[in-house]
Each structure stands twice: as C-alpha cells, then as structure tokens.
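Worksheet: one structure, shown below.
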Amino acid sequence: MAAPLVLVLLVAVTVRAVLYRSSLAALISERVEVASPLNAWKRVVEGLALLDLGVSPYSGDIFHETPLTIYLFHFLIEYAELVFMITDVLTAIALYLAVQDYNKVLFKKQKLLIELDKYAPDSAELILTPMEMYYIPLKVALFYLLNPYSVMSCVAKSTCAINNTIISFFILATIKGSTFLSAIFLALATYQSLYPLTLFAPALLYLLQRQFIPVKIKNKDFWFYTVQYAVLYLGSLIVIICLSFFLLNSWDFIPSVYGFILSVPDLTPNVGLFWYFFAELFEHFSFFFVCVFQINVFFYTIPLAVKLKEHPIFFMFIQLAIISIFKSYPTVGDIALYMAFLPLWSHLYKFLHNVFILSCVLIVCSLLFPVLWHLWIYAGSANSNFYYAITLTFNVGQIMLISNYFYAFLQREYYLTHGLSLIKKDKTDPILVLK
C-alpha cells in the first residue's frame, strides 16, 4: 500500500509545483472562493512587512492570522511554496494513517457485534469485508490531494491548508487513542480558527470508547476522564495563547483574530452565507443576527452528540462539514477536508439518494463562481444578487449532501439491527421515519 500512496503524493506535488510556475498561480490567489480576509497570503505578506518595520501587524485592519503563523513565515517566507506543499502532504499522510487505524477498530467492533448476535440474520450484505476496506485509506488521501479545492488552496498559499494539517493530526491522535496529543492538536486547531472547538465532543466520545468508559451521567470514570481531557485541552490552549503574547508583547491579536472571526466586520464576498446578508442589513440589527448566524456552528453539537454518541468518527465528519458551511469566512480549502472523508462512508452509497444531482449542483456552482464574479465585478452586466444566488445554491447543495449521508448512516444502522426484510402487518413496505 505504501507504493500507491507514494505515487499519489508524487503526482499531487508535481501538479502543485507546475501550477506554482504557471500564470494561473496569481489568478487563483486572487479568487475570493480560495482566499478570505482571514487567510489570504497577500495579507500574511503585509503582516510580515509591518513586523519587519517594528510595527505590530495587528495595528491596522489588514492582518488577522495568529502570531504563531506570522512567526513561522517570518523564518520560512522564502520557502513558502515548499511549506504549503509539505503541509498538504502531511495532511494526506495523517488522514491515510487515521483512516487505516479507524478501519481496524471498526472491523474489530463489527466482528464483536456479530459474535454477540447484535446484527439481524438477513443483514449479511451490509457487513463490511476486509477487501472493501483495504483501499479506503488510499482513496481518502487521493480525495484530499487531487481535489481541485485543496490544490487551489495550496497554490493560492491560503493558510487554510495549515489549519487542515493541524485538524488532520488531531484526528490521527484521537483515533490512535492519545489523549495528550489529541488535546494539544485540538487546542492548536482552536487557536488557529476558533470553530474546531466543536470537535471536542466527538473526540471525547471516541476516546471514552477507546478506554471502555460508558457515557453515563452517574459514572465517576466518565466525569474523571472528561475533566482530564478538558483540563489538557484548556491548559494547552492557554499555553499557546500566552506564548503568542510573549512573542508580540501584546494582546492585540485576540480582538484582531477572534474578534474578527466572531464579529464579521469585513464583508468581502466568499463562499459563505454571512457577507451578503450583513451587507444588506441595518447596522443596529447586526449584533443580534451575528449571534444567530454564529450559533449555527455550535448549535448542532449537542443533538448530534446525543444521536451519534456510539459513532463519534461519523459525528466528527458531520461536524467538520457544519464548520465549513456555517463559519464566517469559509473557503474551498475547508470543504476539501471534509470531502476527503467521503470514501470512508462508501458503504452508505446504496442508501444515498440523488447523489448524482447533488454532485452536479456542486460542480456547476464551482464553475459558475468565476463566471458570475466576472459578470458582476468586471463586465458590470450582473450584480451581487447573482453571485450570492450561486453561493446560496452551493451551500444548500452541501447541506443536502451531508443530510443525505446522515440519513443513510442511520438507515444502515437500523437495518443492521432489525434486518432488511421488513414488512408491516398489512403486508406493505414499511416507511422509516427519522425521529
């Protein structure tokens, strides 16, 4: 399996290297779908210029990346292209190893449930086989490295690629069962973009499963482990924030990074849902609706934790998708990360509906983004409504795709337990109702 992975890595690096040397690199780096005010490379360069002049990069309204990121590129600015290619390679390798380990855990769990007769006799065709699972890690790496979204994000040198690397290492550490490393990488991911805070719940549920600790309110071991993980996470986050303070000798980065993410003052168009709505909104209503929009990312965590407490990795996948859809400054690089996990759920394909239509919607919207942008900004024959309409369609397509996977997952779990040959008392086909 190592040889195919190396081949995929070589192809991915070659594609990125060729694009870096082409005229497309400058064009891609200017695309609002690829770079946001939060992670655009030109803003990092301007922040570095201010730092070299002895001025705080957070003194204006240009730079909104974290202090550790700007100090990283302060030393590696001349090797920026290599750094971004390495981050993508590391992300793919981390995802490959994580999925490989998860498949082993999933197969052992499935084998145990079969031995305990937890599955219905006629659900044999739904049981995963080692042959089906063998190529899934490679497909996940392939889906990330050769996804046009991740390729463009790397070529544009969007710092979203670094965030993806940190999240992928967090997923790897969690699946490996390392409480300490999982907490550290989750703290780093939260420090970078705030929203990965919601990944705390699925990570905790998975680690509890690895420790064979039941999720029960009255269980002392459950509370002890939860507090232990929370302390490690919060302690790591505090240490990272304090390190940032010592680097800058200022707390200016907190309002400039996290205040910027939460208050959404820059309404530059992107693939998200915020910019158009707040551009049209009266100023005195903005605080209320910012709160309403931001709650979306965090609101679904508790109900999903209740529904998917036995399946934390699928919960993590859904939560990554929610973050990429509802965050304030999303880019296509965020979408590439959760889409890399789609091969992991290939066993759900028989329960999915309208996948071809939804795939076409996402592809067509991706192609129409630059067209409608040109008509609006350069040709002047369209307006912001056209661009936002395609943005809205793109996000609705993502929501329907994730909802489709969620329903398919629940449907398969139900059939595994109750069997495929379900008939009602009146001899008609049953209807599965999602409650």
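Note: Cβ is positioned from N, Cα and C throughout, glycine not excepted.
Where the annotation comes from TrEMBL, it is an automatic prediction and has not been curated.
Here TrEMBL flags 1-17 as signal peptide.
Feature annotation from TrEMBL assigns transmembrane segment to 79-99 (among others).
The transmembrane segment feature in TrEMBL is assigned to 166-187 (among others).
According to TrEMBL, the feature transmembrane segment maps to 193-209 (among others). Non-local neighbours of the transmembrane segment (193-209) in the same chain are 38, 163, 167, 170, 174-175, 177, 179, 182, 186, 215, 222, 225-226, 229-230, 233, 258, 261-262, 297-298, 301-302, 304-305, 308-309, 312-313, 315-316, 319-320, 322-323, 327; each lies 6+ residues outside the stretch with a CB under 8 Å from one of its CB atoms.
Taken from TrEMBL, the feature transmembrane segment applies to 230-251 (among others).
Feature annotation from TrEMBL assigns transmembrane segment to 257-278 (among others). Tertiary proximity for the transmembrane segment (257-278) is limited to same-chain residues at least six positions away from its ends with a CB under 8 Å from its CB atoms, namely 32-33, 36-38, 58, 61, 64-66, 193-195, 286, 289-290, 293-294, 325-332, 335, 369, 373, 384, 387-388, 391-392, 394-395.
What TrEMBL lists as transmembrane segment is 285-306 (among others). Counting residues 6+ beyond its ends, the transmembrane segment (285-306) has Cβ neighbours under 8 Å at 195, 197-198, 201-202, 205, 262-264, 273-274, 277-278, 315, 318-319, 322-323, 326-328 in the same chain.
Taken from TrEMBL, the feature transmembrane segment covers 351-373 (among others). Through the fold, the transmembrane segment (351-373) approaches residues 31-33, 148, 269, 271, 332, 382, 386-387, 390-391, 393-394, 397-398, 400-401, 404-405, 407-409, 411-412 of its own chain, all at least 6 residues removed from its boundaries and within a Cβ separation under 8 Å.
Feature annotation from TrEMBL assigns transmembrane segment to 385-407 (among others). Away from its own ends, the transmembrane segment (385-407) comes close to residues 269-273, 275-276, 317-318, 321-322, 324-325, 335, 345, 348, 351-355, 358, 361-362, 365-366, 368-369, 372-373, 375-376, 434 of its chain (Cβ-Cβ under 8 Å, at least six residues beyond either end).
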